[in-house]
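As written in TrEMBL, here are the features:
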type	residues	note
DOMAIN	318-467	domain 'CCAAT-binding factor'
TRANSMEM	306-329	transmembrane segment
TRANSMEM	360-381	transmembrane segment
TRANSMEM	388-408	transmembrane segment
Amino acid sequence: MAPAKKRNVSLAETAEKSVKKAKIDLNAKVEIILESRKNANDVFDILEALESEKEKDVGSAVNACSKLFCTLLEKKELFLGKLPGEEEAVSGESSAEEKYQMFMRHRYNSCVELLLEHLSHDLHGVQETALCCLMKFAAAEGKHPLEDLDWTEHYSFPRELLQSVVDRLLSKTTDNSLLISRFQEFLEMEDVRYYVMSSIRENVGKVMDKNKGALLPIFQNNVFTLMSNISIPSQESELTNFMVQQEDKHEDWKAAKLNEHKRVFERMWLGFLKYKLPSNMYKKILVILHDSILPHMSKPTLMIDFLTAAYEVGGAISLLALNGLFVLIHQHNLDYPDFYKKLYNLLEPSVFHVKYRARFFHLANLFLSSSHLPVYLVAAFAKRLARLALTAPPTALLIVLPFIYNLIRRHPSCRVLIHKPTTEGEVLEDPYLMDEEDPVQCRALESSLWEIKTLQKHYHPDVAKAAMAINTPLSGKEDDIDEVLEITTHELMERDLKKSQIKNIALEFEIATELLKGGGNVLGQHFCLD
């Protein structure tokens, strides 16, 4: 056994030495290529190593490529402008200097293509290494452009390279969430973020139009993951971190203007949201909409079409869509007359059992907090909730009852639902129309909250106690429903089953100490009395 162990150790050492040797050889090749142009063909060995199947070999090759081509960019030894084909470059009448620059530019392009392919590699380590190298190339190209700056603005930024990176990140077949989270580091740079947003918009339009708007769950999830990582600064003075510093007219650069960031941000999101989305995607977007999207848009009201379409999906998505609509109504003066009608129709038995129950009642409480709402509307909500309460679970009832009481406190005119004078011979029939979708026509004010009186006989003591509150005049202070929004059935049962602590009860103010100590006289006195 001993010789075998020794042999295994020696094999491991040999493998480690070979890796180190390969790394040393690649670094040595970089040195001799930079030292003399006669060794230019050695670049093929580096590119060959870049295609290796071993992660360590690829890592060494990426480091070598990074050092080689960043140095060539800095020395301006790569061909500038429109690059001729390889055959044309060799057979042309160009000088030896130009032919060398064309040759190395072609090798640089080959290196970039290989790195872009590695963004789809099976190993995350290779993906991450390739991504960092590509962004290093982008920074180097920004400082030393490979194209003639003959456009009007004269701003140097490697837009094509960044577009290629974004296209690979937004894969249609592979979930790139992990790699995109690594890319977030680069999105903190203002110019990178600006051009990434433009690239996303172009990519989404191209891919979705090619597929005629059909659902592409993996692609759309990659797009959402990348976009949700984009955060726009609140003030233009915060735009200070740039990957490429423009020497001339920096203050006029679009990437340095906050309004331009907001405009591109808005176009990016609208371009993505105009297509049909997977149902789970609606929830993800609507949850972050009011905090992470609407505040950074130039015209938030442009989201009305998406929010209306999201409401039609139904269920919890409709509720979350109403939250976005409420923000537009409250903060951006959007006129949406059917808002409360839609909210009223969301009140169904299923609302007590959905995942977003707590969020629903929190938002509904916010929507109905205004004291300027018409009394018939508030009465309709109170009555519908009371009717639904007849079949609701105890955890929901502990929310619904205080909710109804708060509505009555805010709108004293609704007290008629509690104290309604009756006349003899009146037919005992509830005029309320439960199936009516319009709260104006449901005749809630003609009814009463007899359902709460029924709940006073509920099997759960906490519910019965809460329902008893309607027997006495309601105080002016509203109940805080936030304390019970998150309560679960398990927590309610645990609270009921928990044994109450038995406290010691004092029987005498002074503890007797002489009763059993020499107590003959005491006992004798008792016997004598008998």
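Backbone N, Cα and C define each Cβ position, glycine as well.
What you see is a predicted model, and the numbers here were worked out from it, not measured in a lab.
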Mean predicted confidence [pLDDT] for the domain 'CCAAT-binding factor' (318-467): 86
By a Cβ-Cβ criterion of under 8 Å, what residues six or more beyond either terminus of the transmembrane segment (306-329) are in contact with it? 270, 273-274, 279, 282-283, 286-287, 289-290, 294, 300, 335-336, 339, 342-343, 346, 350, 354-356, 359-360, 363, 366-367
Determine how many residues of the domain 'CCAAT-binding factor' (318-467) DSSP places in helix, in strand and in coil. 91 helix, 0 strand, 59 coil
